[in-house]
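Written below as structure tokens is the structure these notes are about.
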Amino acid sequence: MTFDESKFRNINSQPSCNRELQEFQSMAMASTLPAGDEETPLVPDDNSAIEARKTHHSTDIHILSLAFLLVFLAFGAAQNLQSTLNTEDDLGTTTLGILYLSFTFFSVVASLVVRVLGSKNALLIGTTGYVLYVAANLKPNWYTLVPASVYLGFCASIIWVGEGTYLTSAARSHSTDNNLHEGAVIGDFNGEFWAVYALHQFIGNLITFALLSDNQQEGSTKGTTLLFIVFLFIMTFGAILMCFLRKRGANSKGQQELSGADAGACASLKSLSKSLASALSDVKMLLIIPLIAYSGLQQAFVWAEFTKYVVTPAIGISGVGSSMAAYGAFDGIFSLLAGRLTSGLTSITTIVSAGLFAQAVVLVLLLLNFSISSGLLGTVYILFLAGLLGIGDGVLMTQLNALIGILFKHDTEGAFAQLKIWQCATIAIVFFFAPLVSFKAVLVIMLALLCFSFCIFLLLALKVGKTSSPSTSQRI
């Protein structure tokens, strides 16, 4: 478009023609722009995009939590039944020991695998191991459960490192986009995730209670095939839901390293070895390891020892479902509560103290052989013990994950890999060696480790509290 400059000067000199001048100048400027730019807005309207970015991090946590609930309600219930259903030659407990031994070994390289795949892909691939393990329980024997357990060890290592990395990345992004305190957001997100996740014990074991029944005449259990088929359908929905997660950019460094073929792979392996070595040389990690080990020990105790030596003699195999449902309900409630109350190291210390006290009460009662043999009251007592154990587990899971997310910002994947290595090593030891020692000996070991890990954790709290600056010591 062309225009007469004299008319332009004439219009510009008349104050009464300001509107016409502005329109004419806009047309003139449009005529001088390239064709591709003529529709580009001068001020992009990105408010909606900013608002969406502020909320989609929490949406991802909702999806992640629900997907894990669907996958693990099936696996958790199947795991609880191993020591009572597959008793021939200790098939159930032995294969669980193999599972967690495999989990331990693969956790060493899990952080590298997650960096290569990205946290979302690691979550998707990790789900396949759980589906295969539950399917193997349709025909349980050494030829089905052992390979499924080994493969699940690999899948579990990457799904849990992926979960910790994904959740922490989402929490940090959410705190940045919304100008919130990072430690509080990490606590909230962990609280929501572990509260929903803990419900897998409640829902999965309610399904078990509804579908399984004891055959008193034949001394067997009815409904196992139907139970595992139902579980497979539920897990499939969980895997599909996980596909809707947004990809996170936290692992771009690892992906860039491996784009250079062999040189990239070597660099990533060196980075992994340095990451593991630096974590083990970090005093903070060394002080957390005893509490991590106890968290694994108390989980294995519930899955193998508590259901076998406390629940089954009191209320039968079918009662495993109701007791573990109570365990899961209290686990979920106190996971959410603990997450909401988390704001930094001071709150974490207080919450962990309360959770460990709840579990110490259970261990002391069992060591003293305190029991109630009457019908309804005896059942309520078992549910009470299961609830206290659930409280302790909910507190430990939320607070350990929040603590690692706060203290190890420089290497999130490596820190969460350490978490799973020590947890799973302890769980594997329990499944392999618990059948060789008495139930009372297991209780003594647990109580001793609880006291030791708590003392070391208090030392960590004092150390980090002293090294924190005055401006951050109240919050971190």
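Glycine is treated like the rest: Cβ placed from N, Cα and C.
What TrEMBL lists as transmembrane segment is 61-79, 91-114, 121-136, 142-162, 194-213, 225-245, 310-330, 342-368, 380-407, 419-437, 443-462.
Among the listed stretches 91-114, 194-213, 225-245, 419-437, 443-462, the one sharing the most Cβ pairs under 8 Å with the transmembrane segment (121-136) is 225-245. Of the recorded ranges 91-114, 310-330, 380-407, 419-437, 443-462, the transmembrane segment (194-213) has the largest number of C-beta contacts under 8 angstroms with 310-330. For the transmembrane segment (61-79), the list of distant contacts is 96, 123, 127, 130, 133-134, 137, 163, 166-167, 170, 189, 192-193, 195-197, 199-201, 203-205, 207-208, 227-228, 231-232, 234-235, 237-239, 241-242, 244-245, 303, 321, 324, 328: same-chain residues at least six beyond its ends, Cβ to Cβ under 8 Å. Distant neighbours of the transmembrane segment (91-114): 79, 81-85, 122, 133, 140-142, 145-146, 149-154, 156-158, 160-162, 165, 251, 254, 268-269, 271-272, 275-276, 300, 303-304, 413-414, 416-417, 420-421, 424-425, 427-428, 431-432, 434-435; these residues of the same chain sit at least 6 beyond its ends, with a Cβ under 8 Å from one of its Cβ atoms. Through the fold, the transmembrane segment (443-462) approaches residues 284, 287-288, 290-291, 293-294, 297-298, 301, 345-346, 348-349, 352-353, 356, 359-360, 363-364, 366-367 of its own chain, all at least 6 residues removed from its boundaries and within a Cβ separation under 8 Å. Contact between the transmembrane segment (310-330) and the transmembrane segment (142-162) is absent: fewer than three CB pairs lie under 8 Å, with pairs separated by 6 or more positions in sequence.
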